[in-house]
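All remarks here apply to the structure that follows.
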Amino acid sequence: MRIQLLLVATLVASIVATRVEDMATFRTEKQWQQDLQYRREFVKRQLAPKPKSNIVVSHTVSCVIDGGNMTSVWRFEGQFNPHIASEVILHDTSGLYNVPHEIQNDGQVLTVTVKRSAPADIAKVLISLKPVQLSSGQYECRPQLQLPWVPRPSSFMYDSYRLWYEKRWLTIILYVFMWTYLVTLLQYCIVRFIGTRLFYFLQRNITIRFTGKPTYNLLTYPVKG
């Protein structure tokens, strides 16, 4: 029993020591957001200009609808190879695969201009440009841009950050071991003391019921009468 108590005390001391060490390095959510922004800028810096690679850093969209005509302009900033004109494909949901468009490219700025009528059956216009996919709703030229290499903050990412970068997983492992040990110890106590007494109590009552004589043992006393 002394060894078991010593083990419990050791586990509790380890958990307390781990928590104290983590307090100095724990970062708030605001600090984590700043670190995430720094990592975004670091990724952008790592995307150095390379030949034959198209990289999108930022973009702007403008749209003008005059009567039944729609003029939309997508302006991308980054790095684009001279053959980007053959890699940009526009299509919509009405079945028209290659939407007529104009492309201007100076290597750092790519401008895609679409001039066409906007009938009711036009649901959206997609621009296939790696690694970007743009979409616009009906009579709307404000596509949503999603860059796959820019992470979006979420509670799951923040919890994972705390677990792995701040060594919180050690605390969780210690908690699991501690609670497993406590449950096992509680089960042992129940079986060793309460279960044994209950067994002898039932055995004594059965013996008295069928023989009329009480059974003497170290845990119970004979019934008088």
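Just so it is clear, glycine is given a Cβ too, placed from its N, Cα and C backbone atoms.
According to Swiss-Prot, the feature signal peptide maps to 1-17.
The feature topological domain 'Lumenal' is assigned by Swiss-Prot to 18-170.
What Swiss-Prot lists as domain 'Ig-like H-type' is 54-145. Within the model, the domain 'Ig-like H-type' (54-145) shows a mean pLDDT value of 69, rounded to a whole number.
The Cβ of CYS63 (disulfide bond) has 17 other Cβ atoms within 10 Å, all protein chains considered. Annotation source Swiss-Prot lists disulfide bond at CYS63-CYS141, citing similarity to another entry.
Sequence annotations record features per position, and here Swiss-Prot assigns N-linked glycosylation site to ASN69 based on sequence analysis. DSSP assigns ASN69 (N-linked glycosylation site) to a strand.
The transmembrane segment feature in Swiss-Prot is assigned to 171-191.
The topological domain 'Cytoplasmic' feature in Swiss-Prot is assigned to 192-225.
If you draw a 10 Å sphere around the CB of ASN69 (N-linked glycosylation site), it holds 11 other CB atoms from the protein chains shown.
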